[in-house]
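Reviewing the structure listed below.
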Amino acid sequence: MANILKKIYDNDRRELKKFEKLATKVESLADEYEKLSDEQLQAKTPEFRKRLEKGETLDDLLPEAFATAREGAKRVLGLYPFRVQIIGGIALHYGNIAEMMTGEGKTLTATLPVYLNALTGKGVHVVTVNEYLSSRDESEMGQLYKWLGLTVGLNLNSMSADEKRDAYNCDVTYSTNSELGFDYLRDNMVVYKDQMVQRPLNYAIIDEVDSILIDEARTPLIISGQAEQANSEYIRADRFVKTLTEDKSDDDADDDEDHGDYKIDWPTKTINLTNQGIKKACEHFGLKNLYDIDNQVLVHHIDQALRANYIMLKDIDYVVQNGEVMIVDSFTGRVMEGRRYSDGLHQAIEAKEGVKIQEESKTQATITYQNFFRMYKKLAGMTGTAKTEEEEFREIYNMEVITIPTNRPIARKDLPDILYPTLDSKFEAVVKEIKERHAKGQPVLVGTVAIESSERLSKMLDQAGIPHAVLNAKNHAKEAEIIMNAGQRGAVTIATNMAGRGTDIKLGPGVKELGGLAVIGTERHESRRIDNQLRGRSGRQGDPGVTRFYLSLEDDLMKRFGGDRVKLFLDRISDNDDDKVIESRMITKQVESAQKRVEGNNYDTRKQTLQYDDVMRTQREIIYGERMQVISEEKTLKPVLMPMIKRTIDHQVDMYTQGDKKDWRNDQLRDFISSAITDEETTKKLNIKHLGAEELKKRLYKIAEDNYAEKEKQLADPEQMLEFEKVVILRVVDERWTDHIDAMDQLRQSISLRGYGQLNPLVEYQEAGYRMFEEMISDIEFDATRLFMKAQIRQNISR
């Protein structure tokens, strides 16, 4: 372990040395660039762009580009980046995390690599945790980029697609992490390419990177729509299906007539309407062609109603309890609480059983921040606290954490923790401490882990007659204003962890002499990083300050880890209950070792989430890639559709013609041909009993090719034909993909139950997920075949 730590430390120093050399080069250009006129300095941007076109790299341009942005900042913003900010900027350019203490000017630091990377014209995203910070930084730092001839955009949730597209087409775009992720998902749901708003993801600098890539790493971004099926549709389909009779005739029967409306293939648990059943459906619903494009949703309802009524068995596959349909686990025979069948099957069973049909929202697209940000060509981040999570950043995001030296030495005093036996005694001591510091005018910032603690403390301060402000991370703009004033003489501010993050606390007049900002932590967070963030609120840019944590044996962390050992220690050193207070480095060490354990557990959980999510990531990339090919195609999709149709024919014919000819399932084969490939009359003429499997395939290929040619003739305009092909593929892919997301989610919830014996749940999930993906692809090809072959051409086709 010691060797690993030494290796990391040496690497850190090596990188810093390299960056220091580059920073010296940037500084050496300062005098020369200071002498340039505004016009000459502004002319550097087109000059750099030309040099990039001629083959120079961003690394080649770094010293000059940084010197340009630095001099520009002095003229436009009245701010001149220090040497340490240049080093931070270099770390960011090379795709690292720059750990910079609070107040060291992270926002200004980012302008240097943003300017350099924006010269490529491929787009730089500056990512913040909320829209207040995005708007603030865009309006302040944006002045510099515009002055240097770059375009700057702000991407907000309230914007239209056109406004978003304009923002993304700028050289520099400010946005929140959530809006970037949602725009990516929405772009992969559009039906026309020109509806997309984002360009390929090039370079991002994430502010408060630990908050986004660690604290929110497991939060999935989800776009969901109300499942479009109205409950009445399930009931209509159910009523129709209940009128049907089963065709139980043997496959070897000599006649080609149907002996019922649907046929079940029990080995594969599939059920299909016979030609007789298809005719009945057309009569019942008043349709000419059941399998026309416009009837796709109805066909889906009928399919699910058939499965619900004739394949899913009550008290075997499911039970009805208290008016609800509950799934039974086929392995254990136990009812699975809270689980539902996907793809509308659960609602179809509810319709069958006459219980209340529950509406479901359907996930149409989802991604985690971990996987979204790993798609950028280059990623960098800034924060005051990242070193404790260094291993995670390296392993998951391939980013090194570089600790940037402070511009001035840190003068803040971090006092040892104080421990009390109860919450009451702890909070009384906190109020006493605030009272004493407030009396002499020293500003106090009190950090709490939970909103309840904030409210409890606020009441106690009211009773003590101490004016104060409370922040609970709800109103970002108002919070920023309160936090800015938290360093004024006599200010008392209570804040939960995240409140006001991203805004500096500057000391008011005369506060330095009073000892600077006093920070009081009322509890240790389970992550050392969050505690360090609170400490870092004080002592910015070499200011004086003091920090201390007040703990009690009733705090969550103390109860979970090491509370008993500390209690014994407390009992030994103090006889008098009221005086059981210890101020000791031992307590601090005990707490930190507990925090390390929690951090380790949390990291393992996030790592596991990523391993599971990687299965979906691979599948999502395949589907989104194929989808992009479809919407980008400008000539014909025949090379995509015809192989789909042929693979479907191969798969279905092979499935029903296994073994000797006497074992062939001719009825199911006929049903497939007449429902998905051609009409009933042509199916009869094929006389499939007298054909071999390969000969049958050839004849079906010919029917498909003729059908294609006929449609091309009917739609003489190639653009109309292309539009028709796109309609077929996109409708099927989108419907099947959203069903698959749902099914994968169900699988993930159930897979943990299978983690018994020697089975590894992750391997189980990967294998089952792969099988389900293969099945989905097969379903897409089958549906596209049926939709294309059976659709009746109309001129007014639209997606």
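Glycine is treated like the rest: Cβ placed from N, Cα and C.
Record features, source Swiss-Prot:
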BINDING   Gln85, Gly103, Glu104, Gly105, Lys106, Thr107, Asp504  ATP binding site
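Between the candidate binding-site residues, Gln85, Thr107, the densest Cβ environment within 10 Å is the one around Gln85. For the recorded site, Thr107 (ATP binding site), the DSSP three-state label reads helix. Pairwise Cα distances among Gln85, Gly103, Glu104, Gly105, Lys106, Thr107, Asp504, the recorded ATP-binding residues, top out at 16 Å. Residue environment of Lys106 (ATP binding site) contains 25 other Cβ atoms, counted within 10 Å of its Cβ in all protein chains.
For the binding-site residues Glu104, Asp504, the largest tally of other C-beta atoms within 10 A is found at Glu104. Taking the centroid of the Cβ atoms of Gln85, Gly103, Glu104, Gly105, Lys106, Thr107, Asp504 as the ATP site, the other same-chain residues with Cβ within 8 Å of it are Met100, Thr102, Leu108, Thr109. Sequence-distant contacts of Gly105 (ATP binding site), defined by Cβ-Cβ distance under 8 angstroms and a gap of at least six in the same chain, are Leu79, Pro81, Phe82, Gln85. For the recorded site, Gln85 (ATP binding site), the DSSP three-state label reads helix.
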